[in-house]
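**Student:** Under the heading region 'Disordered', TrEMBL lists 1-38. What TrEMBL records for 51-464 is domain 'Major facilitator superfamily (MFS) profile'. Annotated transmembrane segment per TrEMBL: 120-138, 144-167, 179-201, 207-228, 274-300, 312-331, 343-362, 368-386, 413-432, 438-461, in sequence order.
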Amino acid sequence: GGRERTSGVMSASTGTRGDAVGADDGEGRGSSPGTPGVHPVSCLTRAVHYPFLPGMASCFADYLGMAMLTPALPYFLSDLGMSATAVATWTGAITTAQYAGAACGNMAVGAMGDALGSRATLGATLFGDVVLFAATAFSKNVVALIVIRTLAGISSPLVASLHYILSRATSKKHTLEGVNAYSVSVNAGYAFGSVVVGLGYDDLGWFGLNVLSAVVAGVAMVTVLALVKSEAPAKRSPSVLRALGELPSLPEKGDETFGSPEAKKKATSVWRTGAMASHAVTAVNVGYQFMGFLVLFTLMAKQILKWSATTLGWSFMAIPIVNSLVMYYVIPPLIARFGVHALITYSSMGTMLTLGAFAVPAVHTSPAGVMLVTVCLVLCVVTVQVPNQMRIKLIADAFAPQAMGKITGASRVCFAVGQTLSPIVVAVLYTIHPSLAIGSMFLVVATVPIAFVLCGQAFFVDPVAKEAEGANAA
């Protein structure tokens, strides 16, 4: 009897690594109400015990704070008496500062997750959100705001959130569920933040909005501390890991394979693998396409569609809704049918075809053309982003199981680089000619299949675990 109880505990910890999951079965499903001897599980209990909930709460709170910042900035800066030119300049500078901070801090947060565990990392980064979002509320100096939002980007819990979710996924299907849960939380924070600014800025003002974002971050921090058990992993030497079978044994010096190309290949760091290089290029592309699309859509909605600011704001609500529908009803069957690599390949090709058509003046000067391309681009970008995020776990499991946090951090750095570069490049090229801005997006997405070729990655076949057998941790 004791042996069976121990086995049950180990099974739960394998599915969630220290979470209070209660009746969860490791795949995000609760116990069946009809199971003999098991009481029905309420919806609230299922939600609280959902294995990805702490990660979802963390990224929702962080993205809410970011989403409430950008649309409120122009109004806040205007209230300070700035000219239209100064408002535009400082809005861009403050927004870019947060992305630049994320690019600088993501690797450190990922390494912190590997060393200290999810509870400490999520708790610390969310505490940073509470302090820095509150500091934003009290700040009326643009230079101070740049410093504060840079620090907010550095301490962002997005990497820790994704790391938490991916480290608890137990299969490819479960990984897809976790990535979708992460993305839906990001989209929800983005959408809710935009709505709150649109409906509540006049009543809450700059101070009230940012205090609200700090309170939400505080609630997320309490959620993490309440649901995630301490799991600080002890540092184990390579010799201990080899003894446990978690790293390959070193060959004897007299072995004829010692120092051979085959042995060196097996000891290759994850950072030197074609899988990681191609993943990084794809992440930069997704960040560039995402922000490039937002800039293009904003400019064209105003100049071509002649939309008001209110109409444009509400239209942004459609983006997370479409994203969520695609993630839950389109991507899962496509990955089940074609695989992760094939979906990235097909979606990248679809993006190139869409942008090629968009570059034609007759298309990007037509309201119907702008709307049709907008829908196609949303579909293409999200169907590249989700499978590429799934590759984080696939790569970590194959090459560096002890360094998933670092790999997640590196992935988010690449994504942030694309996000940082895109608004500047696309906006400048758009002022010269819209086709040039669209052309820059085309060139960036073209690097994805090129990277797959140069890095020796299959376009349509997912790698199997044995291909990375014996690979060394980072």
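Every residue, even glycine, has its Cβ placed from backbone N, Cα and C.
Note: TrEMBL annotation is automatic and uncurated.
A quick note: this is a predicted structure, and the numbers were derived from the prediction, not measured.
Each of the listed features needs to be described in terms of its position in the shown structure.
**Tutor:** Within its own chain, the transmembrane segment (120-138) has Cβ neighbours under 8 Å at 54-55, 58, 61-62, 65, 69, 109, 112-113, 145, 148-149, 151-152, 155-157, 160-161, 163-164, 206-211, 213-214, 217-218, 220-221, 224-225, 228, 230, 232, 405, counting only residues six or more beyond its boundaries.
With a threshold of 8 Å between CB atoms, the same-chain residues lying at least 6 positions outside the transmembrane segment (312-331) that come near it are 71, 176, 180, 183-184, 187-188, 190-191, 194-195, 197-198, 298, 301-302, 343, 375, 378-379, 382-383, 386-387.
Through the fold, the transmembrane segment (413-432) approaches residues 92, 95-96, 99-100, 102-103, 106-107, 280-281, 283-292, 294-296, 299, 439-441, 444 of its own chain, all at least 6 residues removed from its boundaries and within a Cβ separation under 8 Å.
Sequence-remote contacts of a segment are chain residues at least 6 beyond its ends whose Cβ falls under 8 Å from one of its Cβ atoms, and for the transmembrane segment (438-461) they are 274-275, 277-278, 281-282, 284-285, 288-289, 292-293, 296, 338-339, 341-342, 344-345, 348-349, 351-352, 355-356, 358-359, 364, 384, 418, 425-426, 429.
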**Student:** How about long-range neighbours of the transmembrane segment (274-300): same chain, 6 or more residues beyond its ends, C-beta under 8 Å?
**Tutor:** 312, 344, 348, 351, 364, 370, 374, 377-378, 380-381, 384-385, 388, 391-392, 394-395, 398-399, 407, 410-412, 414-423, 425-427, 430, 434, 437-438, 440-441, 444-445, 447-448, 451-452, 454-457, 463, 468
**Student:** Given a Cβ distance threshold of under 8 angstroms, which distant residues of the chain, six or more beyond its ends, lie next to the transmembrane segment (144-167)?
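**Tutor:** Those are 17, 52, 54-56, 58-59, 61-63, 65, 69, 93-95, 97-106, 108-110, 112-113, 118, 121-122, 124-126, 128-129, 132-133, 135-136, 175, 178-179, 181-182, 185-186, 228, 389, 392-393, 396, 404-405, 408-409, 412, in sequence order.
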